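TrEMBL annotations:
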type     : residues : note
DOMAIN   : 15-156   : domain 'N-acetylmuramoyl-L-alanine amidase'
REGION   : 251-307  : region 'Disordered'
COMPBIAS : 254-271  : compositional bias 'Pro residues'
COMPBIAS : 282-295  : compositional bias 'Basic and acidic residues'
TRANSMEM : 303-325  : transmembrane segment
TRANSMEM : 331-348  : transmembrane segment
Amino acid sequence: MLHDAGVRTVVAPGWQNRSVSGTPPRPIGVLNHHTATPSSARNPAPSVQLTIDGRSDLAGPLCHIVIGTDGTAHVIAAGRANHAGRARASGPNPGGDGNTLYLGVEWDYDGTHPPSRAQYAAAVQVNAALLRHLQRPAEAARGHRETSVTGKVDPGHVDLDQFRRDIASAMAAPAGDDMQLSDEFTDWAGTKKTVQSLFDDLDRRLASFEHIFLKPGSEPSRIPGDTNRTNLRDAIMDTTARVVELQREAGRPAPWPEPLPSDNLAPPPHPESPETPQSKESGGEKPDGASEPRPSRKPSRTVAAGGAAGAVGTVAVWIASLYGVQMPEPVAASIVLVLSTVMTYLVPTPAPKQEARR
Ligand SMILES: [Zn+2]
């Protein structure tokens, strides 16, 4: 029943016959509590065993269902449970023996702050499913503080009127028609997944993408000797800049012209002037005064290839890391640098037209 409501459900062995002695419950409502125990993502339902065993002053079971902070419902008992004490009339429900009148749902959190979203959502679905089964309205869901005659305050930081409105919406929705987070399917690789695990997976990958591309410090710097860390976007820029530098050191022509000083922008330099930036940069390679076509503003094939190789190497190293292949940073950085440098020298710079004619 809870499973059909899309709630991840775990049953504690022996739950069908677990009961304290006394009148079997004849529930007309659901009573919601907090356990007052700190829970966390790592330990989402620390009170399950305690609610089964009971305390020295109160025999277990102490409720019927425990909802973890992760939204998992642990079914503890089907019989009578010590959770409500005496109950005063509340909403549509009469007063009397609370443990006869109510099914008990413990939300496992400390009550000093609101429950987690997953816990709240699961509680809405659990209450809706139980009340539908009992053929009772959403108003029959109560908080312990609404029935207690001893001043209980649980569940803490929950707006119970809003909670009942949410239960009413859940009960109005056709049961089982919607896709649920717990629905299972088989993905393209034949892996069994749930809708929830698919979302979790997507979330992780997007976060990983964002981290490595944009967060500073996610990647080692590609500048030789630089011990700072950077991100992948800047690392690719650095690699490209390094390739340009290597070209200069090798005495090759600059891959693209230096920007002209703004005074010289109009009129443009005479195409036959020896003062064009290209001839300045590559000094000595061409006879002075030789006519020279205006250099293209596009980066040369060499630099594009080097940059692309660097980027491909970086992405490959990152993808490898996603699949658990961890390599020391210097190794990864060297692979990327060597790859881009090799490509820089392998892909020939197109020969200037002047030289091609001679
Ligand atoms: Zn309580």
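Placement of Cβ uses the backbone N, Cα and C atoms for every residue, glycine included.
A TrEMBL annotation is a machine prediction, not a hand-curated record.
Under DSSP, the residues of the domain 'N-acetylmuramoyl-L-alanine amidase' (15-156) split into helix, strand and coil as follows: 38 helix, 32 strand, 72 coil. Note on the transmembrane segment (331-348): residues 220-222, 224, 239, 242-243, 246-247, 301-303, 305-310, 312-314, 317 of its chain, located 6 or more positions outside it, place their CB under 8 angstroms from a CB of the stretch.
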